[in-house]
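Undergrad: Below are the features I grabbed from Swiss-Prot:
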| type | residues | note |
| --- | --- | --- |
| BINDING | 71-76, 105-109, 129-130, LYS142, LYS151 | NAD(+) binding site |
| BINDING | GLU184, HIS247, HIS264 | Zn(2+) binding site |
Amino acid sequence: MERITVTLGERSYPITIAAGLFDDPASFMPLKAGDQAMLVTNQTLAPLYLDCVRGVLENHGVHVDQVILPDGEQYKSLTVLDQVFTALLAKPHGRDTTIVALGGGVIGDLAGFAAASYQRGVRFLQVPTTLLSQVDSSVGGKTAVNHPLGKNMIGAFYQPVSVVIDLDCLKSLPARELSSGLAEVIKYGIILDRDFFLWLEENIEAVRELQHDALAYCIRRCCEIKAAVVAADERENSMRALLNLGHTYGHAIEAEMGYGNWLHGEAVAAGMVMAAHTARRLGQFSDSDVERVKSLLVRAGLPVNGPTQMTPESYLPHMMRDKKVLAGELRLVLPTAIGQSEVRGGVAHDMVLASIADCLA
């Protein structure tokens, strides 16, 4: 068992990583006998894990209710969020309840925002079941729903009380979803940890094959990096913005193509290559490093080109709604070397368009 702490003073919390955690009620602390909890999951995961997690909690004396939502990025919306609020109010659940987010990034983001909003804030546990949510979205307190004009535009910073990562969940994850998660894994190596990038170049196939030691190390290292960044910059005023490598381009793909048609990690992968080409055009990232990034993404089963249905010009309106835009100026996360990156403003739109064109299949 691995345990990492996200250090945020009184709001610090543990990330627990191991196989078989769903069988142990201690995994779901601080829930205890007599507590009330609302389990939030989706229609795909409910048959796989709901009875197990609910049973463990109820046998521990926790009073559990549940809400089962439709599955997919297109349902990360205010309309579906209202279903969670309705379930909480119907029972009813008070300010002493705990929301348990059992699912991937969509469930975690949506349930977390519900926790941040319901009666002005109730505690919640993240129980991520996808690689992407285990290495990224469950850690750090970003919660949100989408708007038709932009991804994650309505949300809050709201930290969980615990993150429970059961490695066994990945055995049921479709290969495409696993690859999607690997985009965020590779991102950490590009932006902050050259040694981890080198390790991934040697071990990416072992991770895709779910070999235990490689998988456990991979998830642990990602969580260590994310925890350190969040502890240093919880509200994304500086360093935390680096975690958005590829996302400014990628969110444009998701919004333009329709949420769910491109998985988040697929869009981020193409976006990271676009960012690499932008950095190359600025003279701060070598041709050989661009090729290394592309090669690793391909080996991870990810796209390195944007959708053929989009023109470079179709990206810009979405990119200008990015949360890093300040005073109307586009700001991009760009690599400066493998393991190093920066947030850079003032990049000419013509250069951005040319970099996107570099990645059109």
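Just so you know, glycine gets a Cβ as well, placed from its N, Cα and C.
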Undergrad: When you measure from the Cβ of ASP109 (NAD(+) binding site), which residues in the chain that are at least 6 apart have a Cβ under 8 Å away?
TA: LYS76, SER137, LYS142, THR143, ALA144, VAL145, ASN152, GLY155
Undergrad: What kind of secondary structure is TYR75 (NAD(+) binding site) part of, going by DSSP in three states?
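TA: The three-state answer is helix.
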Undergrad: Across all protein chains in the structure, which of the binding-site residues ASP71, GLU73, GLU184 has the highest Cβ count within 10 Å?
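TA: Result of the Cβ crowding comparison: GLU184.
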Undergrad: From the Cα of HIS264 (Zn(2+) binding site) across to the Cα of ILE107 (NAD(+) binding site), what is the distance in angstrom?
TA: 14
Undergrad: Between GLY105 (NAD(+) binding site) and HIS264 (Zn(2+) binding site), how far is it from one CA atom to the other, in Å?
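TA: Distance (Cα to Cα, whole Å): 9 Å.
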Undergrad: How many Å lie between the Cα of ASP71 (NAD(+) binding site) and the Cα of HIS264 (Zn(2+) binding site)?
TA: 14
Undergrad: I'd like to confirm something. Which of the binding-site residues, GLU184, HIS247, HIS264, has a Cα closest to the Cα of GLU73 (NAD(+) binding site)?
TA: HIS264
